[in-house]
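> This is the structure I have questions about; it appears just below.
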Amino acid sequence: MKYVVGYTADRGGKLALDLASNLAYSTRDSADPVELDLVMVVRHESPFTVAGPGADPQGFEQILDTTLRQWADDALATIPAGVTGRVLIRAADSEAEGILAAADEVDARMIVVAPRSHGLGGSLGSVANALMHSSPVPVMLAVANSTPEEPTAPGPSRVTAFVGTKAGADAVAHVAAVTAQYHHLPLRIVSLLELDQARGQDAAQIAEARELIEDIAGRATLSSEVVVAPGRSLDEAIAGIEWRKHEIAMLGSSRLGGRTLFLGSTAHKVLRATPVPVVVVPRAPRTVPHASSGSETDPEPRTGAGSDSGSGRPTAGGQA
Amino acid sequence: MSENSEGGTAAEPRISDEPSKGLAKGAVGTVGLVVIGISTIAPAYTLTAALGPTAAEVGTHLPAIFLAGFVPMLLVALGYRELNNRMPDAGTTFTWSTRAFGPWLGWMGGWGLIAATVIVLSNLAAVATDFLFIMISQIVGDPSIAELTTNLWVNIPVTMAFLAAAVWISYRGVQTTMVFQYVLVAFQIIVLVWFSIAGFVHFGNGTAFDATAPSLEWFNPFGVADLTTFTAGVSLSIFIFWGWDVTLTMNEETKDPAKTPGRGSTITVLLILVLYMVIALSVISFAGVGTEGLGLGNPENQESIFAVLAGPIMGPFAILMSIAILTSSASSLQSTMVGPARTLLSMGFFKALPSAFGKISPRFKSPTVATFAAGAAAGVFYVVTRLLSENALWDTVTALGMMVCFYYGITALACVWWFRREFTQSVRNFVLMFLFPLIGGLTLLLMFIKTAIDSMDPGYGSGSSIGGLGLVFILGMAILLIGVAVMIYQAIRRPEFFRGKTLPMDR
């Protein structure tokens, strides 16, 4: 099973690589361990970006190539023994496009990137934002406060899916269920309710949320736990949730807590408030059959079938 | 179970790469190449910067000098092309001359290129600043705004802002689209043609400032008063063709590498020559070369000739000229930034400079320290010149001509030396690898020496001087001596490059 890491030879790239390495390491003894493809993107140069005297395109490319290979060697050296890793150097019009093309090329089940920690106005930076808007596979965001110190640290202990009360919850719950099932992890489904604007409807909303997630949890047939986390604001709702060490959180790319928000800012809030790695699941993940088909909770045969079928499930790693 | 990963590690290479990733192959046709060539030359900008100082030197022989300036450029560029075809993996003055002559001369060649490009960066930013204010004053109809640029407290910060923007865009690797480049170039040419036709119309109607009938004598390079004047003129006019050689060295990017570069660069230079001739004739027949009023010889007009003449010649449409020069110089600022940044990168990479210069941005895959250093050097150069000189742009362009002669000369002779065992093999080799680059290189180096000697005269260029020596001389020598000092420092601290370990001579 391939994970693609959007790698840059800086602090962010190291975070993404460490997080992905940790997940891969925890599956090293599984039948289908996670393998890492680190993608370094070089942008296409337009010949009409005129370069004056001394620009030396070929000479520059030679230096760039040498540097990229040095970065690649350095990155591969940090991957723990037992984990298969490669570096793909690809050209594209943008970093995000290059990562998506590589994910498609190797049929990746997950993309791991580090959002820009200083993104303005709650943005995660152009690369992570672009990926979350257009990636057909789940995108795991590596931030400093939730990435394990060592790639060989214990892997994930539980999967938590954030679901809202509206459409889109199914995909998240489904991916989380598949992930948990495959890696024999407990599953927790959390509904965030933002209650300040509609006090009168509190009871109805909570009931609605409970109904939805019990429905999803019922179909997941896992040792799942259902939690409704209310709060006057999203921050408050998130703050009330307890976390295990080495957990993975999943949330949908479009809605959270029943209110439409700009994706980047919601993800940013969750990222800030959540002490564990966060996976953003696209509304209709490419590799997941529609969640209402009922029997999807036994993914073992399909994920085991290898990367060529295209019908396998995204998974977030876990302990065997 | 874990054999899976181990087997995978052993079986396949761990790095999967695409060769020639960044370069757009086969994307440029002849027209595209001509557009690229004209964009690199930036005629609207070069003319406004060089026309005045050149006319001040050679008077009505402007067309002759422009033609004469092209000859050494052509001879050297042909040698460039030979080197580029033979060493396609690395092609710039620094690497070529190091591989031909060894580390010391190679280092100075690279430094000469950096100095020349850094000087032109400062000039480009300054011209952009001037025309920004001229344009604003034309828009709001208040001539006093154009005067703001003479206030150093306004001029220097705005110029620095232009440089900073160029550094930032270069560092982020922002790309220019084909359509944008076509529009810029077409606009530039239309405005220049409009300007020259309008100049001739004034001449014909008798409304010219100093109607001067064109004469064949203007094309006679031997009519120039003396060798000093001739050299000064040619060293200035080399600058107006500078950048043209880029078209000759484009190969893989073109649709037909065997034909497109030759065809494209020929058409480019013919178009540029025609454009320059027409404008030179028009400007002289309108304004004359007198030292009063609008005359080209008036020191007041040397900073940028189009700023002075566009209004009288084009009337209310002068704003088009401002826009053309502003866009021409601003876009040239981007494209020129690449050269010194990559040469500094290359020098850092091969340990000819501290290795920090060899750093590439992990995010943008562009030179980091080298880009910022090039921008900072241009800023420092500009501030120093602006504070010391009575006419910074004039002196900058003169110093630039000197530096271009220096590094082009070294490159051309590197070509001769590198091919020294091959040029006897055929007539073609003899001409292109030996004769042309030798003549071109020697001419340029002699011009460099002659300009250096002449510029010691305090009256040279704009007439600024320090301690009885011309400012252009002091600037030029200071740049070269700083280079020598940095080179010696590096040779003592980290001698690998100077022992031929990182970039050996290969002949």
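Using the three backbone atoms N, Cα and C, a Cβ is placed for every residue, glycine included.
I grabbed these lines from TrEMBL:
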REGION    B:1-21  region 'Disordered'
TRANSMEM  B:23-42  transmembrane segment
TRANSMEM  B:62-80  transmembrane segment
TRANSMEM  B:152-171  transmembrane segment
TRANSMEM  B:183-203  transmembrane segment
TRANSMEM  B:223-244  transmembrane segment
TRANSMEM  B:265-285  transmembrane segment
TRANSMEM  B:305-327  transmembrane segment
TRANSMEM  B:369-388  transmembrane segment
TRANSMEM  B:400-419  transmembrane segment
TRANSMEM  B:431-449  transmembrane segment
TRANSMEM  B:469-492  transmembrane segment
> Tell me whether the transmembrane segment (B:400-419) sits in contact with the transmembrane segment (B:223-244), defined here as at least 3 Cβ pairs under 8 Å among residues 6 or more apart in sequence.
yes
> For the transmembrane segment (B:183-203), name the stretch out of B:23-42, B:265-285, B:305-327, B:369-388 with the most CB-CB pairs under 8 Å.
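Checked against B:23-42, B:265-285, B:305-327, B:369-388; highest Cβ contact count belongs to B:305-327.
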> Applying the under-8 angstroms CB criterion, which one of B:152-171, B:431-449, B:469-492 scores highest with the transmembrane segment (B:223-244)?
B:431-449
> Report, as numbers and ranges, every residue of the chain located at least six residues beyond the transmembrane segment (B:23-42) whose Cβ falls under 8 Å of a Cβ in that stretch; write 'none' if there are none.
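For the transmembrane segment (B:23-42), the nonlocal Cβ contacts are 178, 181-182, 184-185, 188-189, 240-244, 246-247, 250, 252-255, 260-261, 263-265, 267-269, 271-272, 328-329, 331-332, 335.
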> Which residues, given as numbers and ranges, are at least 6 beyond the ends of the transmembrane segment (B:369-388) yet have a Cβ under 8 Å from it?
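Same-chain contacts beyond the flanks: 114, 117-119, 121-122, 125-126, 152, 155-156, 159-160, 163-164, 166-167, 170-171, 337, 340-345, 348, 356-359, 395-396, 464, 466, 471, 475.
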